[in-house]
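Below you'll find the structure, written out as structure tokens, and then a few comments.
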Amino acid sequence: MKIFNSLTKQKEIFKPIESGKVKLYVCGMTVYDYMHIGHGRSWIIFDMVVRYLRMRGYEVTFVRNITDIDDKIIKRAGENKESPAALAERFIQILHEDEKALRVLSPDQEPRATQYVPEIIKLIQKLLDNQYAYTGQNGDVFFDVRRFKDYGKLSHRHLDKLQAGARVEVSDSKRDPLDFVLWKKAKPGEPKWDSPWGEGRPGWHIECSAMSSSILGQPFDIHGGGLDLKFPHHENEIAQSEAGEEKPFVKLWMHAGLLEINKEKMSKSLGNIISIREALKESDVEVLRYFLLSGHYRNPLSYSKENLENGRLALERFYLALRGLPVVNHEKTSSYTDRFYEAMDDDFNTPIAFALLFEMVREINRFRDNNQIEKAAVLAAELKCLGNIFGLLQYSPEQFLQGAKKEADVQEIKKLIDQRNEARAKKDWKTADQIRDQLTDLGVAIEDSSDGTSWRQE
């Protein structure tokens, strides 16, 4: 098996530190808002990685953290007039609901930053002892970036060309703009913990270093996350972990490509996010999972209704091939499974793996046409087993196909309403009335208001 290592910028033969066992840490959510489908892509990608590694016989320890104390949590809690702890707890429950709705496997361990404050303090003290950290004039403790000679090795940037990143705060207390905070001095009304440097709370980056190493040891096999975390977050994790423990942090780094809308990254700051909950109102979970895994995990992926519809049609082909076949035990594998493994062993090449699944669909249909039902059923069982790695083909064919028809009907209704609104905007009342009649024939009642057009099925 070969996996692309962001640290070396090349595919490497994957050999776990301990034979047969894989220790994987993935950066989780900062719990102050709803998860959007950009997060969902990263979660589903690493869900696929865990499922595949386990299918290949590895004993995987999967750790994904929760950041439950952060500037954004404190700010949002203040706006909502609730405590940061209450806000975090509420969104942790929402996160778990979304995780279940996405069919994402729960991590083996899900540490919260607030549970690891003693370990964080211990690591900061090591950095101070090793002279990689200092206390600023404002009482915050900072990491001395220029003291760590390997800084920039993950993002492949030279220190002299680096600028303070989006999540690196500017402060007069820093020796260098790139220095980042390890411990923030307490402010009135904020959550705080005792430390040798006074009351305060951890910085964002140090949390992941302390949690991952405390649970998995150092070094461990794979650290994953979205591409947007590569710099400065993951770069800072390497610096503080290796400076503190004086040994390598992680063997292999994996980064999931970003989800884009109109060629822009999906992010809260750009205001173009679509929550998981909104997406699942529009599309079945299998359609969403198929779409999010259809491109190679390292590449950007463009979110659009057209791409989701292509995903629905693709799954329809799978389920039509499975419909009406007897259910048999999956006992034997064919060359299709070997070729599937070959694709997935090449840096989790899901586009090639999906192409192979479509080959299996065509073969199943050929067996059907030749009335070789037993052969079709055996291959269908193999197809379902491989589909499970992607969290797909979990419905009965009848269940999915009935739901897909309803989804297609809704999309058709929305399309007609959009066309009618365009006609009304052009004052083409004849066309608008014709479309209204079409909708009436479909059993759809529409109501126009200043907020737009609403509809219901009668």
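Placement of Cβ uses the backbone N, Cα and C atoms for every residue, glycine included.
As recorded in Swiss-Prot, the features of this protein are as follows:
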BINDING   CYS27, CYS208, HIS233, GLU237  Zn(2+) binding site
BINDING   LYS268  ATP binding site
MOTIF     29-39  motif ''HIGH' region'
MOTIF     265-269  motif ''KMSKS' region'
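Feature map: annotations from Swiss-Prot on the structure.
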residue: CYS27; record: Zn(2+) binding site; DSSP (3 states): strand
residue: CYS208; record: Zn(2+) binding site; DSSP (3 states): helix
residue: HIS233; record: Zn(2+) binding site; DSSP (3 states): helix
residue: LYS268; record: ATP binding site; DSSP (3 states): coil
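Sequence-distant contacts of the motif ''HIGH' region' (29-39) (same chain, six or more residues past either end, CB-CB distance under 8 Å): 66-68, 70, 72-73, 75-77, 87-88, 91-92, 94-95, 98, 204, 226, 258-259, 265-268, 273-277, 279, 288, 292, 303. The record gives CYS27, CYS208, HIS233, GLU237 for Zn(2+). Within 8 Å of the mean position of their Cβ atoms, the other Cβ atoms in that chain belong to TRP204, HIS205, GLU207, SER209, HIS223, GLY225, LEU229, HIS234, ASN236. The two recorded residues CYS208 (Zn(2+) binding site) and LYS268 (ATP binding site) have their Cα atoms spaced 22 Å from each other. Residues within less than 8 Å, Cβ to Cβ, of GLU237 (Zn(2+) binding site) and separated from it by at least 6 positions along the same chain comprise HIS205, CYS208, SER209, SER212, HIS223, PHE249.
The Cβ neighbour count for CYS208 (Zn(2+) binding site), using a 10 Å radius over every protein chain in view, is 27.
Cα of HIS233 (Zn(2+) binding site) to Cα of LYS268 (ATP binding site): a span of 18 Å. Cα of CYS27 (Zn(2+) binding site) to Cα of LYS268 (ATP binding site): a span of 18 Å.
When pLDDT values are averaged over the motif ''KMSKS' region' (265-269), the model yields 76. Most other Cβ atoms within 10 A: among the binding-site residues HIS233, LYS268, that distinction falls to HIS233.
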